[in-house]
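What follows is one structure encoded as structure tokens, with my remarks underneath.
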Amino acid sequence: MDELKKLRAIFTHKQKADSLVLLIFIVIGTAFELLGVSMILPVINSILDKDTILDEDPYKSVAGLLGIDNPNTFVFVLLMSLIVLYIVKNIYLIFMYNRQYKYIYSNMRFLSTKLMRFYLGQSYSYHKKKNSSELLRNVNQDVADFFGTIQALVFLATEGLTVTALIIYLFIKDKTITIAVGFILAILVLLFLKVYKKHLGLMGQKNRFFEAQVNKWVQQAFNGIKEVKVMNKEDFFFRKYDEAFAGRVKSEYTYHTMVSIPKPVIEAGAMCSLLGAISIKLLLGVNTHYFIPTISIFAVASIRMLPSFNRITEYLGTISYQKAAITSIYNDFLEMKEVEKSQNGGLERSKKKLSLKEVLHLQNVSFHYDDSDRMILDDISFDIKKNTSVAFIGQSGAGKTTLADIILGVLEPSDGQILADDINIEDKLDEWHNAIGYIPQNIYLMDDTIARNVAFGLSDEEIDMERLERACQRAQLTDTLKDLPDGLNTVVGEHGVRFSGGQRQRIGIARALYNEPEILILDEATSALDNETEAAVMEAIDALHGEMTLIVIAHRLSTIRNCDFVYKIGKGKAQLQPKGAYQGNDIRK
């Protein structure tokens, strides 16, 4: 089975060893199941032939071993033994099921966290190409579906071994009935597999698509809730969500209907073939006295086996249905292995800073996206001296943000390099990031306290309160904090909805300053603010001139008025502009 090969490739050596241990537990459970059914026959025989039972082997030998010479006592001991066996068997099965579920869900956590670690460790370029709703589905639903398959395989092994052992036992007891019933059941199971496998696989693919669509429309509706409300588009987003969910529901109920059909058909087939075989035996004149124990064995075995056959067909259906999820996880796993070969992997980051001693060199920097030959930046070279301020201006789409992203180290140049003094930033990217503060146009705020948003990504124990207060003071956030009853412990709401645009920007500035960076990059950080709010925010930024290296992307003259150097980005080039060249308020031209 192709899915099994993929599972083997994904599993670590420890997981494979755990699988082997689990298989041993399943085999022991199967032995208990077989023993439980096989004990029925001697108990029934001892009841039917109570007076002569101690004259026959192996009952005579067992009674002698136990020192029993009374038939009633012997039957009583057998019945008590059967009771003890069933109690012990079912206690063991509870333990085995616990082991199975622990194995499944602990490995689910392992794989989900491994995927999350992998996605977080990928480059900014990787995430620009991916849809977040698909990554959300992969980490959550695909991993759950993947381990739904693992669960199906584990229980398939459990039920399969149990059924196989019972069939062998029944075959020894009565070949005719076993062959008749087994033949009918085998045909039914194979028929369902033949018909269902392809259809279930296609439905699984559709379900994954609709799961991603459901996530997408939920995210888009709530992320843009203000625009949705203002433009009266609630109905549009609801309909899109409903359409996606309807598709998901259809694939889900069709799947569950299809996997439930085998149950009544198999039960009917098994009972008809069993009763038919018994009827033929009786018509042929079989001795009913000797045949009753056999019928009893088949009855008990049927009670145990029929649910197993139903579950086997259901598990096989689940494996087919989840095939797309397995393939998705497998492909990500292969990509993960390639990344681990080329990188050391992991999310651990250096705490050191790559200090800029004198100058930041941009040497012959060019950039184009992998799926395009158009050069966004073409052979750009200039220097940025330490503690100076530099502005990038130009039309929208000229490449200003792309150049800033390359300096940030989140995009790698297609050609050329950026040197902090004589060190290529790509060689010490973690240390370079520790030296940089970044303020984007749209500040991302977690639904958490101001303190945790400023000291971004740190636990409460790791937050340096002196540094936190200093960053807030330099970002001119102090007056805002005084007006808040909970101060730094005030929760900002999702995306900072409880605060104004200017307040959000100040929190963003404080965040950028918390790590005491040497270089501060502002990507149109005030373009969405009104003039008065912008002036207040720029006052906080202007106070940093001369203290650190400032790189500013802007559309307004007021934002770059105090910059030492201005570069116009356009047609892939960067041209140094003479001072006083821009007197208007809009400098995009």
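From the backbone N, Cα and C atoms, a Cβ is placed for every residue, glycine too.
If you look up TrEMBL, you'll see 20-319 marked as domain 'ABC transmembrane type-1'. Residues or ranges marked as domain 'ABC transporter' by TrEMBL: 360-587. Taken from TrEMBL, the feature transmembrane segment applies to 20-44, 74-95, 146-171, 177-196, 290-306.
Of the candidate ranges 20-44, 74-95, 146-171, 177-196, 20-44 contributes the most Cβ pairs within a distance under 8 Å of the transmembrane segment (290-306).
The transmembrane segment (20-44) makes no contact with the transmembrane segment (177-196), as judged by fewer than three Cβ pairs under 8 Å among residues 6 or more apart in sequence. Non-local neighbours of the transmembrane segment (177-196) in the same chain are 167, 170-171, 258-259, 261-262, 265-266, 269-270, 272-274, 276-278, 281, 294, 298, 309, 312-313, 316-317, 320; each lies 6+ residues outside the stretch with a CB under 8 Å from one of its CB atoms.
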